[in-house]
(Lines of atoms letter the chains of each structure in order from A and count residues from 1; the text may use other names and numbers.)
(Lines give C-alpha, C1' and ligand atoms only; values in the text may rest on other atoms or scores of the structure.)
Protein backbone atom coordinates (compact mmCIF):
# COMPACT_ATOMS: atom_id res chain seq x y z
CA UNK A 1 0.00 0.00 0.00
CA UNK A 2 1.52 3.28 -1.12
CA UNK A 3 1.73 6.05 1.51
CA UNK A 4 -0.03 9.28 0.54
CA UNK A 5 -0.02 12.80 1.97
CA UNK A 6 -3.22 13.95 3.77
CA UNK A 7 -4.66 17.44 3.88
CA UNK A 8 -3.31 19.25 6.97
CA UNK A 9 -4.69 22.47 8.45
CA UNK A 10 -2.91 24.57 11.04
CA UNK A 11 -3.41 27.46 13.45
CA UNK A 12 -1.41 28.86 16.34
CA UNK A 13 -1.56 30.65 19.64
CA UNK A 14 1.33 32.24 21.47
CA UNK A 15 2.09 28.99 23.30
CA UNK A 16 0.78 26.25 20.99
CA UNK A 17 0.54 24.93 17.45
CA UNK A 18 -2.68 23.22 16.35
CA UNK A 19 -2.77 20.76 13.43
CA UNK A 20 -5.85 19.11 11.99
CA UNK A 21 -5.18 16.08 9.79
CA UNK A 22 -8.08 15.18 7.49
CA UNK A 23 -8.13 11.41 8.05
CA UNK A 24 -11.27 9.74 9.37
CA UNK A 25 -11.30 6.53 11.44
CA UNK A 26 -7.50 6.72 11.79
CA UNK A 27 -5.63 3.62 13.01
CA UNK A 28 -2.02 2.62 13.73
CA UNK A 29 -1.02 6.21 14.37
CA UNK A 30 2.61 7.12 14.83
CA UNK A 31 3.11 10.79 15.73
CA UNK A 32 6.23 12.36 17.22
CA UNK A 33 8.77 15.19 17.05
CA UNK A 34 12.43 14.43 16.38
CA UNK A 35 15.05 17.13 15.80
CA UNK A 36 12.24 19.72 15.57
CA UNK A 37 10.52 17.78 12.77
CA UNK A 38 7.01 16.42 13.22
CA UNK A 39 6.53 12.95 11.74
CA UNK A 40 3.03 11.61 11.14
CA UNK A 41 2.08 8.16 9.90
CA UNK A 42 -1.26 6.36 10.06
CA UNK A 43 -4.00 4.51 8.21
CA UNK A 44 -7.51 5.76 7.56
CA UNK A 45 -9.90 7.30 5.07
CA UNK A 46 -8.51 10.51 3.58
CA UNK A 47 -8.59 12.51 0.36
CA UNK A 48 -7.45 9.44 -1.61
CA UNK A 49 -9.82 7.03 0.09
CA UNK A 50 -8.78 4.23 2.46
CA UNK A 51 -5.00 4.28 2.50
CA UNK A 52 -1.82 4.82 4.49
CA UNK A 53 -0.94 8.49 4.98
CA UNK A 54 2.19 10.20 6.17
CA UNK A 55 3.89 13.59 6.21
CA UNK A 56 6.71 15.51 7.89
CA UNK A 57 6.94 19.18 8.91
CA UNK A 58 10.08 20.99 10.04
CA UNK A 59 8.94 23.80 12.33
CA UNK A 60 10.12 27.38 11.97
CA UNK A 61 11.36 27.48 15.57
CA UNK A 62 12.02 25.05 18.37
CA UNK A 63 9.07 23.14 19.85
CA UNK A 64 8.74 20.81 22.80
CA UNK A 65 9.13 17.12 21.89
CA UNK A 66 5.92 16.11 23.68
CA UNK A 67 2.99 15.85 21.28
CA UNK A 68 -0.68 15.51 22.20
CA UNK A 69 -3.08 14.02 19.69
CA UNK A 70 -6.69 12.94 19.62
CA UNK A 71 -8.32 10.88 16.90
CA UNK A 72 -12.01 11.30 16.09
CA UNK A 73 -14.25 9.73 13.46
CA UNK A 74 -13.56 12.68 11.14
CA UNK A 75 -9.98 13.83 11.82
CA UNK A 76 -6.83 13.71 13.91
CA UNK A 77 -6.14 16.75 16.11
CA UNK A 78 -2.53 17.40 17.09
CA UNK A 79 -1.24 19.94 19.63
CA UNK A 80 2.43 20.89 19.84
CA UNK A 81 3.73 23.17 22.60
CA UNK A 82 6.10 26.10 22.02
CA UNK A 83 8.88 26.46 24.63
CA UNK A 84 8.34 30.25 24.61
CA UNK A 85 5.19 32.33 24.21
CA UNK A 86 6.01 33.91 20.85
CA UNK A 87 4.13 34.49 17.61
CA UNK A 88 5.46 32.80 14.46
CA UNK A 89 5.34 34.43 11.04
CA UNK A 90 4.77 31.02 9.45
CA UNK A 91 4.71 27.36 10.46
CA UNK A 92 7.57 25.73 8.60
CA UNK A 93 11.26 26.45 8.30
CA UNK A 94 11.08 26.42 4.52
CA UNK A 95 9.58 29.65 3.19
CA UNK A 96 7.51 27.94 0.51
CA UNK A 97 4.41 26.42 2.07
CA UNK A 98 3.91 22.68 1.42
CA UNK A 99 1.04 21.97 -0.97
CA UNK A 100 -0.80 19.78 1.55
CA UNK A 101 -0.75 22.51 4.27
CA UNK A 102 -3.41 25.23 4.66
CA UNK A 103 -4.69 27.55 7.41
CA UNK A 104 -7.36 26.18 9.75
CA UNK A 105 -9.86 29.03 9.52
CA UNK A 106 -12.10 27.44 12.17
CA UNK A 107 -9.38 28.17 14.74
CA UNK A 108 -7.45 30.92 13.00
CA UNK A 109 -6.72 34.15 14.86
CA UNK A 110 -4.36 36.96 13.99
CA UNK A 111 -1.78 38.03 16.55
CA UNK A 112 -3.85 40.81 18.14
CA UNK A 113 -6.90 38.54 18.52
CA UNK A 114 -4.74 35.82 20.02
CA UNK A 115 -3.28 38.30 22.51
CA UNK A 116 -6.80 39.35 23.51
CA UNK A 117 -7.80 35.69 23.92
CA UNK A 118 -4.70 35.09 26.05
CA UNK A 119 -5.47 38.10 28.25
CA UNK A 120 -9.06 36.93 28.74
CA UNK A 121 -7.84 33.47 29.78
CA UNK A 122 -5.39 35.02 32.23
CA UNK A 123 -8.11 37.30 33.62
CA UNK A 124 -10.42 34.32 34.01
CA UNK A 125 -7.72 32.33 35.83
CA UNK A 126 -6.95 35.31 38.07
CA UNK A 127 -10.64 35.79 38.78
CA UNK A 128 -11.06 32.13 39.74
CA UNK A 129 -7.94 32.37 41.91
CA UNK A 130 -9.23 35.50 43.66
CA UNK A 131 -12.71 34.02 44.11
CA UNK A 132 -11.20 30.88 45.63
CA UNK A 133 -9.39 33.03 48.21
CA UNK A 134 -12.32 35.32 48.94
CA UNK A 135 -14.75 34.07 51.53
CA UNK A 136 -18.11 33.26 49.98
CA UNK A 137 -21.03 35.40 51.07
CA UNK A 138 -23.22 33.18 53.32
CA UNK A 139 -26.23 35.40 52.54
CA UNK A 140 -25.83 35.31 48.75
CA UNK A 141 -28.81 33.01 48.26
CA UNK A 142 -30.97 35.18 50.51
CA UNK A 143 -29.93 38.34 48.64
CA UNK A 144 -30.69 36.77 45.24
CA UNK A 145 -34.03 35.53 46.55
CA UNK A 146 -34.96 39.00 47.75
CA UNK A 147 -33.95 40.62 44.43
CA UNK A 148 -35.84 37.95 42.47
CA UNK A 149 -39.03 38.56 44.47
CA UNK A 150 -38.65 42.34 44.19
CA UNK A 151 -38.31 42.18 40.39
CA UNK A 152 -41.17 39.67 40.16
CA UNK A 153 -43.55 41.94 42.12
CA UNK A 154 -42.58 44.94 39.97
CA UNK A 155 -42.99 42.92 36.78
CA UNK A 156 -46.48 41.79 37.83
CA UNK A 157 -47.43 45.34 38.81
CA UNK A 158 -46.30 46.94 35.55
CA UNK A 159 -47.73 44.05 33.51
CA UNK A 160 -51.14 44.69 35.10
CA UNK A 161 -50.83 48.39 34.24
CA UNK A 162 -49.80 47.69 30.65
CA UNK A 163 -52.48 45.05 30.00
CA UNK A 164 -55.22 47.12 31.68
CA UNK A 165 -54.37 50.24 29.69
CA UNK A 166 -54.05 48.30 26.41
CA UNK A 167 -57.42 46.57 26.83
CA UNK A 168 -59.13 49.84 27.78
CA UNK A 169 -57.54 51.54 24.77
CA UNK A 170 -58.96 48.92 22.39
CA UNK A 171 -62.40 48.99 24.00
CA UNK A 172 -62.84 52.70 24.75
CA UNK A 173 -60.45 54.26 22.25
CA UNK A 174 -59.49 57.86 23.02
CA UNK A 175 -61.99 57.99 25.90
CA UNK A 176 -59.58 55.84 27.91
CA UNK A 177 -57.10 58.75 27.90
CA UNK A 178 -59.19 60.84 30.27
CA UNK A 179 -59.68 58.47 33.23
CA UNK A 180 -56.29 56.71 33.21
CA UNK A 181 -55.27 58.21 36.53
CA UNK A 182 -58.39 57.09 38.41
CA UNK A 183 -58.06 53.56 37.01
CA UNK A 184 -54.31 53.01 37.25
CA UNK A 185 -53.01 55.38 39.94
CA UNK A 186 -53.25 53.03 42.94
CA UNK A 187 -51.08 50.34 41.32
CA UNK A 188 -48.69 52.96 39.93
CA UNK A 189 -48.36 54.50 43.40
CA UNK A 190 -47.47 51.07 44.79
CA UNK A 191 -44.89 50.29 42.06
CA UNK A 192 -43.22 53.68 42.27
CA UNK A 193 -43.04 53.65 46.07
CA UNK A 194 -41.50 50.20 45.87
CA UNK A 195 -39.05 51.46 43.22
CA UNK A 196 -37.26 53.42 45.96
CA UNK A 197 -35.56 50.07 46.66
CA UNK A 198 -33.64 50.60 43.41
CA UNK A 199 -31.83 53.47 45.11
CA UNK A 200 -31.35 51.58 48.38
CA UNK A 201 -30.11 48.33 46.80
CA UNK A 202 -26.93 49.76 45.20
CA UNK A 203 -26.38 52.02 48.22
CA UNK A 204 -26.13 49.01 50.55
CA UNK A 205 -24.25 46.85 48.02
CA UNK A 206 -27.02 44.43 47.02
CA UNK A 207 -26.45 45.25 43.33
CA UNK A 208 -23.39 46.59 41.53
CA UNK A 209 -24.88 49.60 39.80
CA UNK A 210 -24.54 53.31 40.33
CA UNK A 211 -26.73 55.03 42.92
CA UNK A 212 -27.06 58.33 41.06
CA UNK A 213 -28.67 57.07 37.79
CA UNK A 214 -31.24 55.10 39.81
CA UNK A 215 -31.88 58.11 42.07
CA UNK A 216 -32.45 60.42 39.09
CA UNK A 217 -34.92 58.05 37.42
CA UNK A 218 -36.88 56.99 40.52
CA UNK A 219 -37.14 60.44 42.10
CA UNK A 220 -37.94 62.03 38.74
CA UNK A 221 -40.84 59.66 38.16
CA UNK A 222 -42.11 60.05 41.72
CA UNK A 223 -42.04 63.83 41.37
CA UNK A 224 -44.26 63.59 38.30
CA UNK A 225 -46.57 61.01 39.88
CA UNK A 226 -47.02 62.45 43.38
CA UNK A 227 -46.50 66.20 42.87
CA UNK A 228 -47.80 66.88 39.37
CA UNK A 229 -50.53 64.24 39.01
CA UNK A 230 -51.21 63.52 42.66
CA UNK A 231 -51.76 67.07 43.94
CA UNK A 232 -53.52 68.60 40.92
CA UNK A 233 -56.98 67.23 40.16
CA UNK A 234 -57.04 69.23 36.93
CA UNK A 235 -54.03 67.22 35.67
CA UNK A 236 -55.58 63.84 36.47
CA UNK A 237 -58.03 63.97 33.55
CA UNK A 238 -55.52 65.02 30.91
CA UNK A 239 -54.42 62.60 28.13
CA UNK A 240 -50.75 63.15 29.03
CA UNK A 241 -51.26 60.89 32.07
CA UNK A 242 -52.03 58.00 29.71
CA UNK A 243 -48.87 58.50 27.67
CA UNK A 244 -46.63 58.87 30.72
CA UNK A 245 -47.98 55.72 32.41
CA UNK A 246 -48.00 53.70 29.18
CA UNK A 247 -44.39 54.52 28.28
CA UNK A 248 -43.23 53.74 31.81
CA UNK A 249 -44.96 50.36 31.78
CA UNK A 250 -43.63 49.28 28.36
CA UNK A 251 -40.03 49.87 29.49
CA UNK A 252 -40.50 48.03 32.78
CA UNK A 253 -42.21 44.87 31.45
CA UNK A 254 -38.91 44.07 29.70
CA UNK A 255 -36.49 45.38 32.32
CA UNK A 256 -37.78 43.54 35.38
CA UNK A 257 -37.96 40.00 33.88
CA UNK A 258 -34.40 40.49 32.61
CA UNK A 259 -33.27 41.19 36.18
CA UNK A 260 -35.35 38.27 37.48
CA UNK A 261 -33.55 35.82 35.19
CA UNK A 262 -30.19 37.35 36.10
CA UNK A 263 -30.88 36.43 39.74
CA UNK A 264 -31.02 32.75 38.75
CA UNK A 265 -28.10 33.01 36.28
CA UNK A 266 -30.33 32.58 33.23
CA UNK A 267 -30.45 34.61 30.03
CA UNK A 268 -32.87 34.78 27.10
CA UNK A 269 -31.17 36.37 24.11
CA UNK A 270 -34.32 38.06 22.79
CA UNK A 271 -35.16 39.47 26.22
CA UNK A 272 -31.59 40.74 26.64
CA UNK A 273 -31.74 42.47 23.27
CA UNK A 274 -35.11 44.05 24.09
CA UNK A 275 -33.97 45.17 27.55
CA UNK A 276 -30.91 46.95 26.13
CA UNK A 277 -32.59 48.28 22.97
CA UNK A 278 -36.23 49.18 23.51
CA UNK A 279 -35.40 51.99 25.94
CA UNK A 280 -33.49 53.89 23.20
CA UNK A 281 -36.70 55.29 21.64
CA UNK A 282 -38.98 54.91 24.69
CA UNK A 283 -36.86 56.59 27.37
CA UNK A 284 -36.62 59.99 25.56
CA UNK A 285 -40.34 59.74 24.68
CA UNK A 286 -41.10 59.14 28.36
CA UNK A 287 -39.09 62.19 29.39
CA UNK A 288 -40.81 64.22 26.68
CA UNK A 289 -44.23 63.15 28.00
CA UNK A 290 -43.15 64.10 31.53
CA UNK A 291 -41.99 67.51 30.26
CA UNK A 292 -45.41 68.07 28.61
CA UNK A 293 -47.07 67.24 31.93
CA UNK A 294 -44.84 69.76 33.71
CA UNK A 295 -45.58 72.50 31.17
CA UNK A 296 -49.33 71.85 31.39
CA UNK A 297 -49.20 72.05 35.19
CA UNK A 298 -47.40 75.43 35.36
CA UNK A 299 -50.49 77.64 34.73
CA UNK A 300 -52.48 75.55 37.22
CA UNK A 301 -49.90 76.10 39.97
CA UNK A 302 -49.83 79.82 39.10
CA UNK A 303 -53.61 80.08 39.35
CA UNK A 304 -54.12 78.02 42.51
CA UNK A 305 -50.94 79.22 44.30
CA UNK A 306 -50.58 75.60 45.44
CA UNK A 307 -47.15 74.80 46.96
CA UNK A 308 -46.10 78.45 46.53
CA UNK A 309 -43.41 79.63 48.95
CA UNK A 310 -44.51 82.62 51.08
CA UNK A 311 -42.06 85.52 51.18
CA UNK A 312 -41.74 88.14 53.96
CA UNK A 313 -44.80 90.42 54.42
CA UNK A 314 -42.73 93.47 53.45
CA UNK A 315 -42.46 92.06 49.95
CA UNK A 316 -46.15 91.24 49.88
CA UNK A 317 -46.04 88.27 47.50
CA UNK A 318 -45.13 84.61 47.33
CA UNK A 319 -42.76 82.64 45.13
CA UNK A 320 -44.84 80.57 42.73
CA UNK A 321 -44.09 76.86 42.54
CA UNK A 322 -44.05 77.24 38.76
CA UNK A 323 -40.56 78.77 38.99
CA UNK A 324 -39.36 75.57 40.62
CA UNK A 325 -41.02 73.58 37.84
CA UNK A 326 -39.23 75.61 35.18
CA UNK A 327 -35.92 74.93 36.93
CA UNK A 328 -36.87 71.27 37.19
CA UNK A 329 -37.45 71.13 33.44
CA UNK A 330 -33.82 72.05 32.89
CA UNK A 331 -32.69 69.50 35.49
CA UNK A 332 -34.91 66.85 33.87
CA UNK A 333 -33.19 67.12 30.49
CA UNK A 334 -29.80 67.14 32.21
CA UNK A 335 -30.84 63.92 33.94
CA UNK A 336 -31.90 62.53 30.57
CA UNK A 337 -28.39 63.14 29.24
CA UNK A 338 -26.73 61.53 32.30
CA UNK A 339 -29.00 58.48 32.29
CA UNK A 340 -28.84 58.08 28.50
CA UNK A 341 -25.05 58.11 28.64
CA UNK A 342 -25.04 55.60 31.50
CA UNK A 343 -27.48 53.25 29.73
CA UNK A 344 -25.55 53.41 26.45
CA UNK A 345 -22.36 52.45 28.29
CA UNK A 346 -24.20 49.53 29.87
CA UNK A 347 -25.52 48.42 26.49
CA UNK A 348 -22.14 48.70 24.75
CA UNK A 349 -20.37 46.84 27.56
CA UNK A 350 -23.00 44.10 27.57
CA UNK A 351 -22.90 43.37 23.84
CA UNK A 352 -19.11 43.75 23.62
CA UNK A 353 -18.75 41.07 26.33
CA UNK A 354 -21.21 38.78 24.56
CA UNK A 355 -19.35 39.20 21.26
CA UNK A 356 -16.05 38.26 22.86
CA UNK A 357 -17.59 35.17 24.43
CA UNK A 358 -19.11 34.17 21.10
CA UNK A 359 -15.74 34.45 19.38
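From the backbone N, Cα and C atoms, a Cβ is placed for every residue, glycine too.
Pulled from TrEMBL:
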| type | residues | note |
| --- | --- | --- |
| DOMAIN | 3-92 | domain 'CS' |
| TRANSMEM | 145-167 | transmembrane segment |
| TRANSMEM | 187-207 | transmembrane segment |
| TRANSMEM | 214-232 | transmembrane segment |
| TRANSMEM | 244-264 | transmembrane segment |
| TRANSMEM | 276-301 | transmembrane segment |
| TRANSMEM | 321-344 | transmembrane segment |
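At the 8 Å Cβ cutoff, the transmembrane segment (214-232) and the transmembrane segment (276-301) share at least 3 close pairs (sequence separation 6 or more) and count as touching. Proximity of distant same-chain residues to the transmembrane segment (187-207), defined by a Cβ-Cβ separation under 8 Å and at least 6 residues beyond the stretch ends, is recorded for 143, 146-147, 150, 153-154, 157-158, 160-161, 214-215, 217-219, 221-222, 225-226, 230, 245, 248, 252. Assigned with DSSP, the residues of the domain 'CS' (3-92) fall into helix, strand and coil as follows: 0 helix, 57 strand, 33 coil.
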